[in-house]
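Working notes for the structure below.
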């Protein structure tokens, strides 16, 4: 069926309008024909000038009359007729009631001037040689060219062409001015110097370029007047054109232009979508993204709806980034902007949420819409999405990789309470580092800490690996221990070729396969490692393996390991979940040789595999029968009956048999079920974990679950107190004086700060208040900006903190991405910034397994057969183990645990130049020699850690001693004066702490609380803590070291599942994990 366009288009005029104006393609052809006619008329004028013989004389008749041949006149008349007819027709079709508007248009007037004289000459032959300024048709050609380009862009649907149009207009205007000046000067000088076209061109170029040689000048007053007029026109027209061009150029720089299709198809690029781009976010992304060698040729296209920040603009002008980063101002919800960024050709799209928004839910909604828009426009583009709140995560399940901020934040806060500094461990693992941080420092702990921070997680296929290829057919623990013994790498997990789930430390029953993908921790990946004569060494080792036994270690290692083979070969008793026991050998072996450790077996003996019942708790064996009965009645193991949000991973936990009434959840108010009104009255056996938050959000679920996981023994479960408001009275009632940890996360309301870095102001001040009131309290918090970590536990006159600040600046100047790592609160795990985990999302582009491994370590996901992160503390009875390698062997041979690092706490090494100088009172009274003073200064602890509040006499003597020193001040040297000043400061601080202690004790007495156990003088000033990730095998084990362990899944040792689990440990993930636990 033929369909007419519109009813009113049946008229002849409407059909003509449709052909000449409305239809894009036909209109483009008409305008192209019109443009060609104008160019032809200008060409005919040039031909007429070239064919004309210069006439003699200076009569004015030479201005009005020219020599024009008959054929040339015929061509010009034809062109004029066609041009005039077309102009009249287009004027008629575009006529809308105002005839004068059409007649007084400049193009119409120029058309009349150039065409009407030729038409008149048809009827009046004597006028055939009349001069007609046909060269003015260049301006009509310019007008036709503009219309033609507009129709062309409309026909091909090209957008963002304003810049091209403006450049075209400027160039055409300049050409028209020059051509008009050339033709005008040449014609007016017919009665003067008789200039030809080339001389006129030379004169115009010299004049318009302001050079003005003066060798060619106009002679007649008419030509001089014409030159003045053209210069005035140029001075008016050209600046306007240049201004418009500059404005469009600036606007284009703000919007960023386009990423060309040719570049998108020949080069690789990723797109970063953000709502607002800050300099910290940009530098974190660029440093982490380009830290990988294979990404050096990638381009980063930033799509942001806001104008480029000044600092961002300054950074993107640096040559290192200007060639690789392209900023586009636009919205991800517009297909035009996604097309500008060539999203359909991108290798990946990173969508980040704005964590500084007051309404975090609104920020998530914007992120969700961006993800939907990108998925709709480019379905095949991999999506890497950051979301803030866990309840919004199910909207973007289609994304390839998702990082939920609150999930990770609360899980890290929870694990910090039971595995100290887990947040620091995870942060260092997900950051790309060279391991060179702190190597220029004079302090040994900074060198070790910085070197070990370079460890990252890598992967390789077993059969392609030099590290692990020889362990095919061996147990996982055997491979992990010997790879660490030989190469210093820590094998932490595997993944079967036919399975997508990663297993962390699947245990000694897991047999390594040639196609397994191995995940290991090391300074660098194996592909970048150099092995000198490794093939020959391996061949020689294989040929001599019968000398060394199954472990294939050097002879001295075999002797040390096999000294007492029968000792602790396999402990068949049920393993303690609280931590392995590094038991000493028997007394008989002590008398003969040093303590030794059983070897790690190549294949675990099924008869000696440690098994324990999942539904029983070995920690209950130590309790009395009455306590055991009450404990069994109180707790059960199972899955939480309710999930606070869609998408939360079910975790097997300790649960109560019956739901507690809501009234009993109020700790500070009694009810009909109990009469307790403070934490002390409850008589908790374990110390409290207090969470100070503004609101009880769904993210708290991820804080509670790791603390109640089924593999945590019941005797170690800490009571959790949620404090929604933290005045001093509520803090005291909830048991802050005997709490194990206090977690502070109350910063939601400060997001409205005008300055972004002030978003942490409330949290920092609250933590500082708690630190001053309860100096012995372990406070853990999270900040928005890593730069604000320097304000945690702030001491304005602490020389050691100032020295660390200088070290941080030096590391930043050297290009380190982890310059903040030497801040004591971060190194000790007291504070972290969730923005540090942005690198986890960026690393997933190269390491797609990093999010899965991090979630397994934090307990956010549970995979059957996969281990979990825990810790054990080295006691005095465990120091016989001596080195980290022997500890590794002991754990692998006895419990199957894999250690991945050490959390070490040691006293600060106080120096004169960098550290806080402290001298005890007894030193100054008993020491007269300055050399002895220097000797004692490095061996004593900070005087603030000693308890002098209970000895008024000692305090009075200290004050007298301080006054005596002040009177003798001039006699001392510069170092002595510095010591005196520091001692005065210590005395002043002690007095301030005593005032705070009196305040707290008075409030406790007012509330009827006991002040027993309140230790107001003990703080952490004299100690520092740090992490050693995968230390070298010869690292010495020290007292109070906390060892991070990946312990095998207790479910893997269930006797009922023993026949099938050995062969199908990785194939049960498709089944319901709830059914498996009920076996």
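Here the Cβ of each residue, glycine as well, is placed from N, Cα and C on the backbone.
Quick look at what TrEMBL lists:
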COMPBIAS  954-974  compositional bias 'Basic residues'
DOMAIN    267-403  domain 'RCK N-terminal'
REGION    921-981  region 'Disordered'
REGION    1057-1079  region 'Disordered'
TRANSMEM  32-51  transmembrane segment
TRANSMEM  71-95  transmembrane segment
TRANSMEM  107-127  transmembrane segment
TRANSMEM  167-185  transmembrane segment
TRANSMEM  226-249  transmembrane segment
The transmembrane segment (107-127) in contact with the transmembrane segment (71-95), cutoff 8 A, at least 3 CB pairs, sep 6+: yes
Beyond the flanks of the transmembrane segment (167-185) by 6 or more, those residues with Cβ under 8 Å of it: 42, 45, 49, 133, 135-136, 138-139, 141-142, 145-146, 149, 195, 197, 200-201, 203-205, 207-208, 218, 223, 226-227, 230, 233-234, 237-238, 241-242, 245
Model confidence over the domain 'RCK N-terminal' (267-403) (mean pLDDT, whole number): 89
The domain 'RCK N-terminal' (267-403): DSSP-derived helix, strand, coil residue counts: 59 helix, 28 strand, 50 coil
